Amino acid sequence: MGKKIRVYELAQKMGVDNKVLLEKLHEAGIDAKSHMSVLSEEDVEKLDEAPAKVERVEERRITAGVIRRRRKEVPQEEKAAPPAAAEEPSSVDTAVAEEAPAEEVQPVSDQPEIAVEPPPAGKQEEVAAPAPEPKAEEPVVEEVIAEPAVEEVVEEPSAVEQEEHVETTPVAEEEPKVEEQPSVEAESKAVSGELEESKTADQSKGQSEAAEVSVTKEKPKVEKATANRAKILGRVELSTLTSPPKRQERAKNGKGRPERPKGAKPSGGPAPRAKEAAPQAAVPFDGGPAPDKEVRGGKKGKKGKGNSYDKDKGFADGGKGRRARRQVYEPERDERRMRRGKKTPKPQKKTEVTVSKAIKRIIRISDVITVGELAKRMGVKSKDLITELMRQGQMVTINHPLDFETAAILASEFNYEVENVAFDEENLLADTAAVTEEGDSEEGCVPRPPVVTIMGHVDHGKTSLLDAIRATNVTGGEAGGITQHIGAYDVSVDDKKITFLDTPGHEAFTSMRARGAKVTDIVILVVAADDGVMPQTKEAINHSKAAGVPIIVAVNKMDKPDANSDRVKQELTEFEMIPEEWGGDTIFVEVSAKNRTNLDSLLEMVLLQAEVLELKANPNKRAKGAIVEARLDRGRGPVATVLVEEGTLRIGDPIVSGLHYGKVRTMTNDRGERLEEAGPACPVEVTGLSGTPTAGDSFHAVESEKDAKEVATHRQRKVREQELASTSKISLEQLYARMQEGEVQELKVIIKADVQGSVEAVRDSLVKLSTDACRLVVIHTAVGGINESDVSLASASDAIILGFNVRAESKAAALAETEGVDIRFYNVIYDAVNDIRDAMEGLLAPTLREKHLGKVEVRETFHVSKVGTIAGCYVTEGKVLRNAQVRLIRDHVVIWEGKLASLKRFKDDAREVQNGYECGLSLENYNDIKVGDIIEVFEMEEVKTSL
């Protein structure tokens, strides 16, 4: 009881497959779920006690195994068959029935020895009476078939009785038959070794006695069954042996086994048993038509004998068991494979049609994404997206970048949503600009100095006025006496501070004036009393109104004798600027910067206007402001002039401006004094940035340098993506335009200046010179001196270098001379613009213009051999030159145009003939000259093309 065994171990001992053993266990009522299930000794004994059920199961599942066992019993009969020679099937049946009860125990041991021998039909004759050897082989087969029928009624006892019958009948067995028996036994062991073990166990326990009793009770039935079975079995074996592939048909024949009685003589008693046994024995034995043929004709049986005998030998080698297993298991495997093959494509189609959840149909992208990446995230083929974009009129490729708006529209076509998850620098800057000590409430804000921008037309005295206020001389330091930089200054007036921004008045510095108007609180519009309103004056008014900044008009140069302030006021009324004394709200102050008159009144008006505006700021926040100007200093690096608008900027604060970031290393005011901190409305020069920021950009002080770097890196990446997106977009029209531009001349320039604002001014002024015939392309701009990299770039791109208020390094100058690069230096923007205009005009091809010289009238023609027609002419106007071009006109229609071949006067060659003289001339390669024709004389001259 204590010893247990697993199913697979028991199967190995019994030589049976795990599946077969599991089926036997289930039929025996033993619960075993898998090959790893544990069986007790009681279960094993229970399995041994139910051999009949196991045999029946084996007959259904493994037909080959059951057939072989019974065939093994047949060879024992075959041993007795050689002496018997009866051919009648009825006698065979009776003999078997009589001998069965006599020897029931012996057949059990003989069953494993029985082998299926080729001639089944002869066995019937052997049982009835001794006959020739070939016939004896046939009855052996018949007995084997009879056994399964007996087993159907009584499982093992029937087999035992049959074996006994076989032993009684045989007198002597042939040696070759005995040799075949062991081979069949080996096959039966391989396929159904369990059945033999179960039979031996049953015999040892005494089941043989019970079998004898059951057999004796059913003797008449057994006899009929054996007779029928003998016939059927012999025929079945022949068919199986002759055609091994027909084993699949055996099952069919077994199901139709009731048809066999048609050809069998003893159909009375055994017929019903054959039907009962058919479901079990039908599986092991082949169909009925084969036995019918044997009964009807011996010739067919003999043919079947020979073929089946040879094949039986082949089957006896051990292939039979394998084929039986294949019949049982392989069809199921094939069906499974076919099922799997059919099912596999279905889930694939379903996955294509499946719709993801709504939350999964949201695609998060940055500002720009490529077509391929968008298709990958959407799970859509790239070609589908490209097709949709082409339908919308965009010619793209898989690597084409899409902006957020285009991606959103495209994704909506495929039922997807696009969410922009780009780095939100505004939130970061808003968080870092949080109040450190006090909130943005009224209590935390304090009055701040006003920011005043001085604007006006060039040479109207803006800088001179600021110099008079600051008591300095800025104009003297400017090249050409005009301001070319934007300056920020801090002035104290009656213990109050005013921040002044001085902007250039030249037309090239429009962007500077626009920046000055944006960051200012009050605008002082300077108008010369002797000039009145000029173009830049109008522009300054427009900038101020666009920024919503109040304007104070300063009428300058009142010291001149031709000054007329009323004319200025009258002209400004056109721009809705009416003086207060005329009932308006615009403040007018008449000043003289040269004589420093009425400056206090101007400053008083500025402070009054600032009080009205109630300018306040919170100094307790992180600093925020604007870049007024930026330049590259050789000793200090990038230097930025900043105007703090909110908060307080301190040394060491990390700041970010445009594409650059860094920590504040030093701060100095306009007088060169070092500062530790700068409050609202305080202009300072800052060093420590990674590069020169663009003038007009805003700057922010952030919490850490890491945040500053993150913001700057994000901006740089965004700029690169936008450049890539802009350069890759091109339509067919643009492509055609570019092809046409192949004939357009280009002048490439590199601009280097001392400050960023000057770079922008020079660039904008030069770009305006571009025309359809000649275009100016600025390939590089930077702040600082001209270095070797600039020269190398110019050499590679055939460009010229313009230096504005900068000089070239010694190595760069030497390299430029070697490479033949043209470097030009300027201090005044006028000179740079004029020189570039001349250079662009030099690139253009000269224009050809026709110059009229005179007219002649043909009065006579002469024909000279080998020369042609000579026209005698009279010069009616102008003159005729020998190498001039002429045009022959007849009846006001141009007949011919070409050159003069010769020009003579009185047989002498003439260089020219003046008006009122006669001459003779001939045309080059043309002789159809008639009297009355008019010849026009002209020449083509080249004229320089201007922009």
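The backbone N, Cα and C atoms fix where each Cβ goes, glycine too.
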Given ranges 364-367, 412-415, 556-559, the stretch to which Swiss-Prot attaches the annotation region 'G4': 556-559
Listed range which Swiss-Prot flags as region 'G2', given the options 481-485, 541-545, 621-625, 676-680: 481-485
Listed range which Swiss-Prot flags as region 'G3', given the options 502-505, 670-673, 690-693: 502-505
The annotated region 'G1' range in Swiss-Prot, which must be one of 40-47, 456-463: 456-463
Number of Cβ atoms other than its own within 10 Å, given for Lys462 (GTP binding site): 28
For Gly456 (GTP binding site), the number of other Cβ atoms found within 10 Å of its own Cβ: 28
DSSP three-state assignment (helix, strand or coil) for Lys462 (GTP binding site): helix
Packing count at Met558 (GTP binding site) (other Cβ atoms within 10 Å of its Cβ): 20
Cβ neighbour count (within 10 Å, all chains shown) around Asp459 (GTP binding site): 17
Per DSSP, three-state class assigned to Met558 (GTP binding site): coil
